[in-house]
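One structure below.
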Amino acid sequence: QGKLVEQANGSLSIHDPCLQRDYIENKTYNDLFSTACAHGQNESSIYFNTSSTFSFIGTGDYKQCKRIMKERFNHSSCSSTTCSFNNVYQPVPISSSIKFVAMAAWYSTFSRLAPNISIKPNHDGNYNFTSIKLADIKHAIKAICKQSWSHVHKPNQHRPFLCFNSMHDWTLFEYGFHMTDENLKHFQIIKTIHSNEIGWTLGYMINQTNYLDPKHRPTRLLTKRGFHGLLVSCILLLIISLVVTVSLSMVRWYHVALVLATVIGFLSLAAVITLIVLWFIQLTPFRDYAVVIDAGSSHSKIFIYTWPADKSDGLGTTSRISQVNSCDVPGGPISSINDTTLTGAQNYFDSAMTTCINSIPSTRQSRALIFLGATAGLRLFNITDPAYITRLLNSTRAYFNTLNLLFSDPLSQVRIISGSEEGLSGWISTNILLKELFNNNKPLETFGTIDMGGASTQLSFIAPGATSEQYQMSLFNTNYNVYSHSYLCYGQDQIRLIYQGQLIQQADGSTLIDDPCLQSNYTQTVMYSSINGSACAINQFAAPANYTASTNVTFSGSGNYTRCQTLMMQRFNKTSCSSSNCGFDGVYQLVPISSSLRFVGFSAVYSAFNTLAPYIPLANDSIGNYNLASTNLTQIQAAIATICNQPWSSVSNSSSFRPFLCFNSMYHWTLFQYGYSMSDANFKNFQIVKTIDSNEIGWTLGYMINQTNNLDPQFRPPRLLTKEEFIGLIVGFGVLLLICILAIPITIIIYKRKQKQQS
């Protein structure tokens, strides 16, 4: 598309030969040229600005489409004959005896093209090309491209690009990879094999299983040879006991024989009872453990999770993971470490880590995985000082390597996670704990999530109709299309720095700033570098001429609810939205959000609302969570106004967060209502939650659920004895008991007869 724009000489209406006739696709300049692949490829900025919107009008011209597609594969740069395109080495030609499998988007495109060719999928839904030639495929693509869009039945979001995608795939096959009809005879396009979706993940998983050394455990307490030896010993003991008893009786040691028979009988009875008890004892599975550290922008927290090591619940381990312990790491965020050495990391983590690791049984620690996920705070630091972040993560890896935990892949086990990964992990955590994924399996009944941190905020919810920011996940045999977006710099700490920068710009050089979002009589003095030095606020506003990095700026609270709300709304840019389906700052979001969707807010949303709730008033439930079904926005806004207008001198029992309750509450609820376009109808199904079933809600549990698959299951026999061992031993000791029972009266009878003969 960038190439077409370049060739359009400034026109916003562009003919697209690879779109079906009469189909129109609209895209902004940003959509096209902000991607890493297209950026800088085409020089079109002289005609357009970043908000320019192009209309790509389909002409369905097969020949022109094919010509343009072939231009994407540069053969002139090849310095030898063994080259595919773009000067990449490849043996050419590829031997026609080699069998090939294509997957992923190859399958999704061809499954829509196939009905136009005389080819049908096999019983697994896969395609084999033994009877098909390239000419047949080209003919089908030509028919698709020339077809008018108005004649397409049951179109979906991928269907408009079937002409383009098919042309790309098969031009790549023939012209890019130099494959022919001979190669096509041994070609398959596959989605699943033996019910396994084909892709890179299984191969990746195979490598990950090497995290664990094999730990073998005998399947039985007795080997077959040991069992037979024990059984023979019991039989010999039987015979010897009987012979001894009879012999003692014959030589007139009647009392000794009687005692011996009685003792052996009681021992046999005890053995029978013990065997029966052992048979009915069910052994619980071993338990695996993992340590997950949430390295956030304001603090770090360690979580300990556990699950059955045998993965025996039939759902993977994910439905049975539970939190064992959590420990706050003292000393602020991980970015507060100045000494980026092993010693510095050890001093930061050690006290909290020792406390938390003691929650794991010592016999299981060497099998316990440890992970650190750094979120938006380090994402920002990585922009301003990547060298420091590299040293910081390496020192953390060095420290983890000294622990008696499973830490064999340092780069993947200590890393900065993406915003989308954080949002989706929070969504998985919430719906696992609320039993919506593995119990209910109904996508439209899942909970949406709003996660508020110090540096970013995440919005995630089920959205089958979303055309962007959508992630497809398959969990417990159910497909979920989840909309998720992470707004970097919209966490409550970073948004306050940006807000303070805005106030400074409006103050005409004064260092005493009126702050309407602070309660009256409260003042906060900060150094200007702490505001303008953050990655989010830097360069947002020009520094006053009389300011330096060391200038002290005093924010004096005026508690003006109306002005505070006006300034807060200015933080959300609605004018950059090019369509109605937009949240703010030009980010795609379905609007309005369905009022039937249930939502859960957590993290900083909870900590702020927990202090605000008494002013509504709204009571929490037995575990401290809040349900907003009985309240509305008007009541919440009235409570925020009460807080903002309250003089600071009248506040008692204040905490370090209490001075910013007006600002944080105003920000959260302006974000929900004005940023996300939520209404009272949405808040009827809104909960604000800290814990569910004693598990703290956040991204770490969902992240952990994915990581548990790194471990092979560790099995434990369900009983101490197998059925065969139990039957063999019970029969042996039962017979021994029977003989002893018979031996006692036999001894008494022999004794009485001898007594009678002697008399």
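If you go along the chain as it appears here, the first residue is 1 and each next one adds 1.
Including glycine, each Cβ sits where the backbone N, Cα and C put it.
Whatever TrEMBL says is automated annotation, not expert-curated.
The following features are taken from TrEMBL:
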- 227-251: transmembrane segment (TRANSMEM)
- 258-281: transmembrane segment (TRANSMEM)
- Glu422: active site, proton acceptor (ACT_SITE)
- Gly454, Ala455, Ser456, Thr457, Gln458: ATP binding site (BINDING)
- 726-751: transmembrane segment (TRANSMEM)
Other C-beta atoms that fall within 10 angstroms of the C-beta of Ser456 (ATP binding site): 27
Inter-residue C-alpha distance, Thr457 (ATP binding site) and Glu422 (active site, proton acceptor) (nearest angstrom): 10
Closest of Gly454, Ala455, Ser456, Gln458 to Glu422 (active site, proton acceptor), Cα positions, binding-site residues only: Gln458
Extra residues within 8 Å (Cβ to Cβ centroid of Gly454, Ala455, Ser456, Thr457, Gln458), ATP: Ser297, Thr375, Ala376, Gly419, Asp451, Met452, Gly453, Ser486, Tyr487, Leu488, Tyr490, Gly491, Gln492, Gln494
Same-chain residues at least 6 apart in sequence whose Cβ lies under 8 Å from Gln458 (ATP binding site): Gly419, Glu422, Gly423, Gly426, Thr449, Ile450, Asp451, Ser484, His485, Ser486, Tyr487
Least surrounded among the binding-site residues, given as Gly454, Ala455, when other CB atoms within 10 Å are counted: Gly454
